[in-house]
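In what follows, a single structure is set out as structure tokens and then discussed.
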Amino acid sequence: MADILAPLTPGYTLIIPDHPGILIAWVIGLIALVILVVLLRERTFKLNRASLSWFAGLSLLILILTPFMGVFPRMSPIIAPGEAPFRHLMFFAAIPWMVGAGVLGLAPATFLAGISGLLLAYSDTHNIFTPLVMMIAAIVYSWCIRQRYRTNFYTWLRHPIIAAIASMLASSPSVFLVLILCASGSTGARIGMAITRFPVVMFTLGGMLLIGGATCMIVQALAAKYWAPKTPLKPAPGEVHFRYRLLGYATPIFLIVLVGVLLATWSLGQSHARKQILKQLTGTTAIAAESLGVFLTTGDQILNTLAANPQMSVGSDKQISAFLQEAQSTSNFFEWLAVLDAEGHLIAGSPPGLSPDILRDDDLFQLMTVNNESGPVHFFVTGLEDENYGLMCFITGVERQPDTQQRFLWGLTKIDENRVAQPLVIAKNALKDQGGTISVIDAGGRVVFHWNSDDRVEEIPTANLTTSAFFQGASSDGRLMLNYYQPAAGTDWGLTANLPALVIQEMAWELTRTNLLIAGGVMIFIFVMAWIGLTPIVNELESMSLAINAVLAGGYDPGQLKERAYPDRGYLKTAFRNMITIQQKRMDQQKKLSSASVKVAERQNLAETLHMILAAALVDGVCAARVVLVNSDSTTEALLSEHRFGIGSHANVLAAWDQAMAGLVLKNGAQTLNHDEILKQLPPIENRPEIASVNLLPLKWEASHLGVMWVAFTDNDDPDEAIMTFLKQLAHIASLAIINARTYRDSQLSTALIMTAFDLLTDAVVITDQNNQVLLHNKRARQLFFDRDGRFEGEFLNNFLSRHDLSKQNLYADQRVKSKEVQLRDGNLYDLIYSPIQIDGNQHANAIIIKDLSSQREADALKTEFVTMVSHELRSPLTLILGYAKILRLTGNLNEQQDSYISNIINGVEGMKELVQKLLDIGRLEDGDPLEIHPVTAEQIITRAVESLKAKAKQKQISLQVDLPETPITIFGDQMFLTQALRNLVDNGIKYSKMGGEVVVTVTGRDKRVIFAVQDQGIGVAPLDQRKLFRKFSRITTDAEADDEGSGLGLAIVKSIAERHGGEVRVESQLGKGSIFYFEIPRKYSA
């Protein structure tokens, strides 16, 4: 955990490179970044209290976040201090300056990034380029999130994560360059080390940027008002200039191709270099191993030959010394030869003067292992004279004579100077020149000698020492090493040769640098040449774009391209001039078409409209344009002069063709007559001009043939498609004008007829639009609402209703047919009927009908008085008749026919009694007799009404459904009348429902009122008949129920009961779908 919280170790310093070129590059980079910041800075940035607070807080965060919380990537190669701009992945090092880019701007963010990079360089990387790379990333990131271009690409670029990725990619070239500059060695070695370290360094930088981008997303959400400018979006450079759009497409493609070519070239060179290095390593090692085997075998043989001489066992010291000197000079192999006793003491040696303690302790151990049977041994020794030489020691036992002590022959040679070992020395030196070395391996796989102890191989990662093997390892300074093991022939020893892996990159650079420079140069040259070659074309296209925009704005000057176009591109001028000419003609035609359409829309005089259309048809080469109208039955006989219109220099002369033209179009439709066809199909005209062609266009509207429009050309026998399209459009407009004029004439006549009939109505009728503005009214409405005989179309109906205290009638509360009795200021009663007018399911108007009820009420009063009197007079006789009829059934035996007659008498009398009772009930209600008010629940009322009608519903197989609320509803009213009202509604629903139908009774409480609803699936009631439903003795007769009998009093009683309780009754109905009757009363009756 401590390695994460505080991963940086002491040794805080900056390593200044010794090479002056690197310092010059650093200074140039810093100056370039300062200039770039000045050019890209936001001139609207103001230093105020808020910006100072942000800057101070972010500066403090740099000191807190930069040196703490980080890790060192495990896959990182060993990077010495000062060799890379980034080493540790410091999680939060980039957050302060990235937040500063969003809230402060480019210049403050770059400054904060420089401070953060300087602190990171001082405490971790020790590289002077770290602040510069941080500043580059800050400039790119700041620009990305603060630019205000409007295209999708730039919109995505403003996202913090996308901007962080863009800044990482933009900084990668500078990172790679810094890695090359800060590495050591040759150019190839520098590039190789840069390639090796680049992924790790970019991982570190990318991790910091992505963490900072994610943090900026949170800051953007929490401090949106401070984040980035909120100025209006502006067009992207590619939208304004074509060259930038071309550059935007070409540059990524060029970079991808360039990088691909360079990477492919480098990859091929590296592959070839690797093969060469491995081949060299294996070849050199094989030579060295063979040389080592020869060297060891030769030494062993020489030593065995000398040890077999009897003189070595029995000779005196001088004899042995002389023999050794002679053998040394003869063999020229050993630098030192000596004979030793069993304890390792010197007996005799060559050259003279050898130290008695020539053997060290470890050498004595080797001596103890030697005997005559085992043969000679050899090993490396150190510590004798010059340590830079490889010293090889050979020991073998001297052939022992009888009665003599065991003696040993010892020989020592310098490998580097031994003539037999020279191939091994040459191989060692060849590898040393490339940074490698050779190690000698014994039979146990241990390294017994190494010329360079720093790069020695400690052990061989293979168990089989009898075959060659290749493996990789690392040097003491972390460099990747290539190792190859080769056993020495004729011995149990072997050699391991190694080379730094960087030699592959060095050789690859040597092999490919020419190709890389040529490929890069050629690609850049191609791009530059392509850009230079395309620049004139781009300028020409931009010039054309400006000219086209000028044309679209209404400028038709053909010379406006002269100052923009290049003189050697005349074809563009010609094409542009032709385009302007054609466009101007089309605009003129469109103006004429538009003018003609406006004339038609204004419904002006047909003759004027057609003359204006014909004038528009006088295009180039037209000498006459004419329109001929035909009768409604499409006959062409006896065309009237008012049906013929013409204009043009020869229109009057060619008018004699009108009859023939109408016949040809009626027979063949649209057609073009050339010079020969004119002579064949048209009648001759004296002194007529020469006509090249005539175009005939039918005037039609849907299936109706209206006439013909024809034009005559004097010099154009084949008009182009544009002219023909224009003439067809004019013919279509002429057809619209003709049908519009005829329709207007017919509508005027129809309106006059309707208004005459409308004014003859005795009821007042007013039609309004959706806003209740008067559209139409009749004479009776004017007399009713005005004292004078005026018109009031365009006025609002509410203005007139308020004059008669009718504005409170709430006619428009819901869009349904409703009828109300009102009293106007003249004292008379009127039936005010409101009905919405719907077309295609949408309301478009309202109809108000006001009917005088004064005479009707007088007649109803007389009828009511008469009926009441008759009802009282009939009640007693009917009771007497009913009683005697029942007694007749009980007394005496009646046959079946007589019993049937008695049943008919009883049913008829009971129906009359029910009618009399209804008349008496309605009379009681209208007379204002007091009601018996008691609390009663809605459930009790519904239950009594439904139970009394179950038998009747069962006869018609009608289902009676009751939907009651969970909470009981209590009503204060006359239970008998309320039950009767609901029973009448349910009975009405059963009566008019079809067999197997359904009647649903529901009750709901709304504020202080209760609403009973009875829904049936009957025949329905037409809107105009709904106003009659609640009148006494009123029955709506239809074919579906023409045989049903009824008094016409049931719904009138319901209405009277509702009104006596302070409520109302209304109906919603659609023909063929059924009806819903609503019986609404207050919860508490108030007298």
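In case you wondered, yes, glycine gets a Cβ from its N, Cα and C as well.
Feature list (source: TrEMBL):
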type     : residues : note
DOMAIN   : 869-1085 : domain 'Histidine kinase'
TRANSMEM : 20-40    : transmembrane segment
TRANSMEM : 52-72    : transmembrane segment
TRANSMEM : 92-121   : transmembrane segment
TRANSMEM : 128-149  : transmembrane segment
TRANSMEM : 161-182  : transmembrane segment
TRANSMEM : 203-227  : transmembrane segment
TRANSMEM : 247-269  : transmembrane segment
TRANSMEM : 516-534  : transmembrane segment
- Hey, does the transmembrane segment (20-40) touch the transmembrane segment (203-227), meaning at least 3 C-beta pairs closer than 8 angstroms, sequence gap 6 or more? no
- Message: Quick test of the contact rule: Cβ under 8 Å, at least six residues beyond the ends. What residues does that give for the transmembrane segment (128-149)?
- Response: 14-17, 26, 29-30, 33, 36-37, 40, 42, 85-86, 94, 97-98, 101-102, 105-106, 109-110, 112-118, 120-121, 157-160, 162-164, 166-168, 170-171, 174-175, 178, 181-182, 205, 209, 216, 228-229, 231-237
- Is the transmembrane segment (92-121) packed against any residues at least 6 beyond its ends, judged by a Cβ distance under 8 Å, and which are they? 14, 33, 37, 40-42, 45, 51, 54-55, 58-59, 61-63, 65-70, 85-86, 127-128, 130-135, 137-139, 141-143, 145-146, 160, 164, 208-209, 211-213, 215-216, 219-220, 223, 226-228
- Query: Taking a Cβ cut-off under 8 Å, which residues six or more beyond the ends of the transmembrane segment (516-534) line up next to it in the same chain?
  - Reply: 246-247, 250, 254, 257-258, 261-262, 265-266
- Message: Considering every residue in the domain 'Histidine kinase' (869-1085), what is the mean pLDDT value?
- Response: 78
